[in-house]
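Copied over from Swiss-Prot, here are the features:
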ACT_SITE  CYS176  active site, thioimidate intermediate
BINDING   205-228  NADP(+) binding site
Amino acid sequence: MFNDMPVFDYEDIQLIPNKCIINSRSEADTSVRLGNYTFKLPVIPANMQTIIDETIAEQLARDGYFYIMHRFDEQGRKPFIQRMHEQQLIASISVGVKDYEYDFVSSLKEDAPEFITIDIAHGHADSVIKMIKHIKAELPETFVIAGNVGTPEAVRELENAGADATKVGIGPGKVCITKVKTGFGTGGWQLAAVRWCAKAARKPIIADGGIRTHGDIAKSIRFGATMVMIGSLFAGHIESPGKMVEIDGQSFKEYYGSASEYQKGEHKNVEGKKILLPTKGHLADTLTEMKQDLQSSISYAGGRELESLRRVNYVIVKNSIWNGDSI
C-alpha cells in the first residue's frame, strides 16, 4: 500500500491549465462553505500565539473570513466567546485534551461557540476521540474540527467519533521540527498526505502546514482539502502578535511553533522552534493578494469557483519548479 502510493510535496506539483471561461479573474468565486457558514477564502491563519489574537480574530470574523483562536489563554476563552456573540460574530476556539478541558466544555452550554478545534500534535489518539464524543454530547450544535493527523485510518476514526472536519499535517510547518526530533510526520510529503487522507474522508479536510506560496493553496484544494491552515505566510504582519525585534535598522517579528520552548515556557518535549521574519505590511493586504491569486488559479482551472480546481490534471516535476526562481 505505502510502496504503491505516489509521494510528493507542493514544490513537486504543477497543475495543468484548462480553457478559461470567464472574462475577468474578478468573476472567479473564492468562497467556501464550512458547516453552516460561508467564508470569503478557503484559508485559516494558524491558531498560534504569534499569528492570531483576539483583535485579529474579531477583524477576520467581521470581514467574512474563518479563524480559529489559539488555546493558550485558557481563562480568556469564555469571555472571548461572549464578546464575539455580543457583536453577532461567530466564535471559534481551540481546546486541548487535559482533564480540566472537559469541565470547560461542559460550562459552555449556555453560550456555545459555533466552532471548536481539538488542537494537539498527534490527533490520532484515544484522548482526542474521547474529547470529540464529549463535545458532541455537551454541545451538539458546535462544529468540531479535530487534529492533527496524517493517515486515512486517523481520519476515519475521528470522523466516526463525531468530528465534523479533520486537520491533516504532522510537522510540515516552517517552525515545526517534529520530523527532526521524532522521525515521524508528513514533512516532505504533506501534499501527498492530504491526497491520501482526503480519499478516505467523508467530511471536510483541512490541510495544515507546508504552505509556502499562494499557489500551494490551489494545490491543496486540487488534492482534496476544503480549507487550508497557514502559519508563516500570515506571520510577521504589522498587526501580528509576535514580538517586534530590530536588527541593523530592519524590523522583524518573532514567529514560533506551539510546541516550542518559547510557547511552553520550558524546555520539555520541544518540537517547535522560533524564527524571525521581516515585518510585512497589513494582514488585509495579504488576504486581498491571496484572493486575487486564487481567482487567477480558478481562471487557469477553466472554472468559476473553487470546485473547478479539483478537476484539473497535474504533473509531478520533482524539485524542478523553482528552477532558480524566487518571489
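Glycine is no exception: its Cβ is also placed from the backbone N, Cα and C atoms.
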Problem set entry | Cβ contacts of PHE223 (NADP(+) binding site) (under 8 Å, same chain, 6 or more positions away) | LEU191, ALA192, VAL194, ARG195, ALA198
Exercise. Tell me, how many other CB atoms lie within 10 A of the CB of ILE211 (NADP(+) binding site), whichever protein chain they belong to?
Worked result: 28
Seminar exercise, completed: In chain order, residues whose C-beta lies under 8 angstroms from the C-beta of THR226 (NADP(+) binding site), counting only those at least six residues away in the same chain, are VAL32, LEU34, PRO42, ALA165, PRO204, ILE205, ILE206
For this session: Quick one: pull the CA-CA distance for HIS214 (NADP(+) binding site) versus the residue listed as 'active site, thioimidate intermediate', whole Å only.
Result: 20
Problem set entry | In three-state DSSP terms, the structure that CYS176 (active site, thioimidate intermediate) belongs to | strand
Exercise. Cα of ILE211 (NADP(+) binding site) to Cα of the residue listed as 'active site, thioimidate intermediate': how many Å, rounded?
Worked result: 13
For this session: Count the other Cβ atoms sitting within 10 Å of the Cβ of SER220 (NADP(+) binding site), across every protein chain shown.
Result: 31
Exercise. Taking the Cβ of ASP208 (NADP(+) binding site) as centre, how many other Cβ atoms lie within 10 Å?
Worked result: 30
Problem set entry | Alpha-carbon spacing, SER220 (NADP(+) binding site) to CYS176 (active site, thioimidate intermediate), which is rounded to whole Å | 19
For this session: Return one of helix, strand or coil for ASP208 (NADP(+) binding site), based on DSSP.
Result: strand
Problem set entry | Cβ neighbour count within 10 Å of HIS214 (NADP(+) binding site) | 20
Seminar exercise, completed: For ILE217 (NADP(+) binding site), the nonlocal same-chain Cβ neighbours (under 8 Å, six or more residues apart) come out as PRO42, VAL43, ILE211, VAL228, ILE230, MET290, ASP293, LEU294, SER297
